[in-house]
Amino acid sequence: MEILLQKVYDQKNLSKAEMNIVATEIFEGRLSKTKIAAFLMALKVKGETAEEMAGIAEAMQQVAIQVDFPAGTAMDNCGTGGDKSNSFNISTTSAFVLAAAGIPVAKHGNRSISSRSGSADVCQELGIDINMRPEDMTYLLEKVGIAFLFAPHVHPNMKYVMDVRKELGTPTIFNLIGPLTNPVHLETQLMGIYRRDLIRQTAEVLGQLGRKRAVVLNGAGFMDEASLAGENHYALYESGEVHLYTLKPEEVGLASYPLEAIRGGDAKENAAILRSVLDGEPGAYLDTVLLNAGFGLFANGKVKTVKEGVDLARDLVRSGLAKQKLQDLITYQKEVLAK
C-alpha cells in the first residue's frame, strides 16, 4: 500500500487495478484521514487519469448497497454538480421524461452541491422517499420505470472520506466520479460534467465501466447540463470509440436563453418549476428539459439524433406521459411503504 501511495506522491499514474486497491483500503476504513488527504491532493496535483477514475468508481460500486435490476437495461442521467450555476433541477425533471419513453431510469442523486436544491431535496419536497430499501427501489424500477437512489444511502462507506473532503475544501476526484458509481448496472448513461477538459476522458471511463453507449456533456457557461445559452460540448461513447461534437440549441429547433433564465430556488420553488415543466408550461425551463431529455434519449439509443430526442421529449410532455410518471412513482411508493 505504501508503495502505491508513494507512486502518486511521485506524480506517477496508477493502473486501474492499483487504484482499486487503494480505494478499497479507503472504503474499508484502513487508511488514516491524514493519508487519505495526502493521497487526494497528490492525485489532484498530478491530474486524474481515466484508469484511476474507473478504478475508484469500481471500488465504490463493490462496497455499495446493491440494487438488483436486470443487467444492461437501465440508464442514469446524473451530473457531477459543481458548476455554480444555481439552476433548477434539470436532470431530475428530465428523468421523468426519459422514463415516459419506456427507459428504466435509476436516478442517482444527492443533496445540493452547486445550487440551493439538489435532486434529493426536490424529491423530498415532491413527496418522494429518498431512503427506501434496495428491494423497494428494484420494485419501483420494475413497476414504474424510475427510482431515486440517494447517494449517501447507497454508498455508506463514503463516511470514511466525508470529513476529509470537507476539511480540504477543494474539488477532488470524488467530485468527478459520483455519477460513475450508480449501484445499478447501467447499459447507457447521460452524464453532465463541470469540467470541459475531461469530457473525452470521462467517456472513456464509462466505456471501461461497461456502458454500451454514453454521452458526456458540458454545456454553454460550463454547466454540467445541456444549456440553451450557447454551444454545448459533448462526447459520444459507442462500440469502444469516443467522438467529440458540439451542438447549439438552434440546431434542434430551440430558442436561446441566457443562463439567468433557468435560475432555480429552494426545494419548494424547484418542485414547483418541475411540476410546471411536466405540465408543459412554455419557456426556458421547459426547453432546457427538452434539450437535456433529448440528449438522454440519444445517449440511450432510443433515437438517432439529439433533434429526434428533443421532438420525442416534447411529445412525451404534451401527452402527459412524463407527468404521469411522477404521479405513478408517488402512488406506487406509498403502496410499498404501506406494506
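Cβ coordinates come from backbone N, Cα and C, glycine included.
Among the features that Swiss-Prot reports, anthranilate 1 binding site is placed at GLY79, ASN110. All protein chains considered, the CB of ASN110 (anthranilate 1 binding site) has 19 other CB atoms within 10 Å. In three-state terms derived from DSSP, ASN110 (anthranilate 1 binding site) belongs to neither a helical nor a strand segment and is classed as coil.
For GLY79, 82-83, SER87, 89-92, 107-115, SER119, the entry in Swiss-Prot reads 5-phospho-alpha-D-ribose 1-diphosphate binding site.
The Mg(2+) 1 binding site annotation in Swiss-Prot covers SER91, GLU225. Within the same chain, residues at least six positions away from GLU225 (Mg(2+) 1 binding site) with a Cβ under 8 Å of its Cβ are GLY79, ASP83, SER85, SER87, ILE90, SER91, GLY192, LEU217, GLY219, THR288, ASN292.
In the three-state DSSP scheme, ARG165 (anthranilate 2 binding site) is classed as helix. The Cβ of ARG165 (anthranilate 2 binding site) has LEU40, THR172, PHE174 as same-chain neighbours under 8 Å, each 6 or more residues away in sequence. Marked as anthranilate 2 binding site by Swiss-Prot: ARG165.
Summarising the annotation, Swiss-Prot assigns Mg(2+) 2 binding site to ASP224, GLU225 and lists sequence analysis as the type of evidence. Its Cβ placed at the centre, ASP224 (Mg(2+) 2 binding site) has 28 other Cβ atoms within 10 Å. A coil conformation is recorded for ASP224 (Mg(2+) 2 binding site) in the three-state DSSP classification, outside any helix or strand.
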- Does ARG111 (5-phospho-alpha-D-ribose 1-diphosphate binding site) have same-chain partners at least 6 apart in sequence with Cβ under 8 Å from its own Cβ, and which are they? GLY118, ALA120, ASP121
- Message: Please report the Cα separation of ASN110 (anthranilate 1 binding site) and ASP224 (Mg(2+) 2 binding site) in Å, rounded to an integer.
- Response: 15
- Could you round the CA separation between ASP224 (Mg(2+) 2 binding site) and HIS108 (5-phospho-alpha-D-ribose 1-diphosphate binding site) to a whole angstrom and send it over? 15
